[in-house]
């Protein structure tokens, strides 16, 4: 492999000739070659956006020449366009402040910026620290990138997918609004409801969690940039943080703003804990929905069999004709991972010793993983299961007609104890409720049929 010599404050490093990074990135790559988890590209792009804004503001403040600022901007735009993805090789498992990833971006933008300047015949040299990182520290840039990446991932990907999923649930609720089925509580038969009513409950769950996510995202709008090393803003213009946040807001069209207290912004990540808590709530809801569908589709002959799910693939390598609830299984595994990620994020966020939290990479890695998994899981479940979900009305009607819990409709007419006697007699002697009621001498056939009407039970009139 052809290499070139790059230098930092610790000495010389051999760097691959065709790579844009420098000595500090190379050191990190060699010192922290751990696992397979690379720094998420969402963070890389957030960094590029931040460095572009910082260069623009430094130019406005007279801290950076127009030639250097423009070259950094050009290079950052190339990164944002995905042209240099393979020049960001670092792993999540590095310094807890994310310094190596900050320097990775600084070095790539400096070298690429210098190449662009040379192409224009300009005798100007960009330095990764003095120019690209001017007025900044890893301690305020990395948390800024964390918030940008998290907010964008939620706003651009998860929330639109969640809205699509929710809309289809509403459509299914309307489609099955007239299908009266047996209700179940405690895994036991209960009074009836419509399948549409049951699904409407699922839709409302997602409406609430969507609202929780949106409300929590307000805190992610606050950016740490301008705090520099410990929150005081040393080596930065007093207006730098505010101006950079405004530039990022203008560039993205999203309501980013400068954090009111930079000391908090560097040492605490309670905003991400709070927002991920909403993601955990979404995960809990999705587990329940996927699990209900899985159980209601169980069978086809030995289970509940009230729902029919699409047959997407053979279900067994040994049992022919088997169709498994694979989309439910995938989604429930995803939600389990998200709930586990929440524990990691909460613990990591507690490690804000003095002026700086030093678990930043693992916090944002898990946050972005949760968001990606939920987005992909929602879309796949929607496309491969939810849209094609059908009601097995024959089985639904059979279960409803055999239910002893229809006896609940008799409570207002003959009292709880008499109704219970009818249910027990029917169960013990294998009778229908009507037969048990008539044999008990409590009701005539006409009275029973007037009082026990599932359609009236799902839409009571008082």
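Just so you know, glycine gets a Cβ as well, placed from its N, Cα and C.
Annotated features in Swiss-Prot:
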BINDING   97-99, 127-130, 137-139, 185, 317, 322-324  substrate binding site
ACT_SITE  186  active site, proton donor/acceptor
ACT_SITE  316  active site
SITE      329  site 'Important for catalytic activity'
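Positions of the features from Swiss-Prot, shown on the structure.
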residue: 97; record: substrate binding site; DSSP (3 states): coil
residue: 128; record: substrate binding site; DSSP (3 states): helix
residue: 138; record: substrate binding site; DSSP (3 states): helix
residue: 185; record: substrate binding site; DSSP (3 states): strand
residue: 322; record: substrate binding site; DSSP (3 states): coil
residue: 329; record: site 'Important for catalytic activity'; DSSP (3 states): helix
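Residue 324 (substrate binding site) is surrounded by 17 other CB atoms, counting those within 10 A of its CB over all protein chains shown. The separation of residue 329 (site 'Important for catalytic activity') from residue 185 (substrate binding site), Cα to Cα, is 22 Å. Note on the recorded positions 186, 322: the fewest other CB atoms within 10 A surround the CB of 186. Ranked by Cβ neighbours within 10 A across all protein chains shown, the binding-site residues 97, 185 are led by 97. Looking at residue 99 (substrate binding site) and residue 329 (site 'Important for catalytic activity'), their Cα atoms lie 39 Å from each other. Looking only at the binding-site residues 97, 128, 130, 138, 322, the one with its C-alpha closest to the residue listed as 'active site, proton donor/acceptor' is 322. Cα to Cα, residue 130 (substrate binding site) and residue 329 (site 'Important for catalytic activity') are separated by 52 Å.
Spatially close to residue 329 (site 'Important for catalytic activity') yet at least six residues away along the chain are 294, judged by Cβ distances under 8 angstroms. Fewest Cβ neighbours within 10 Å among the binding-site residues 99, 128, 130: that distinction goes to 130. For residue 138 (substrate binding site), other Cβ atoms within 10 Å of its Cβ number 21.
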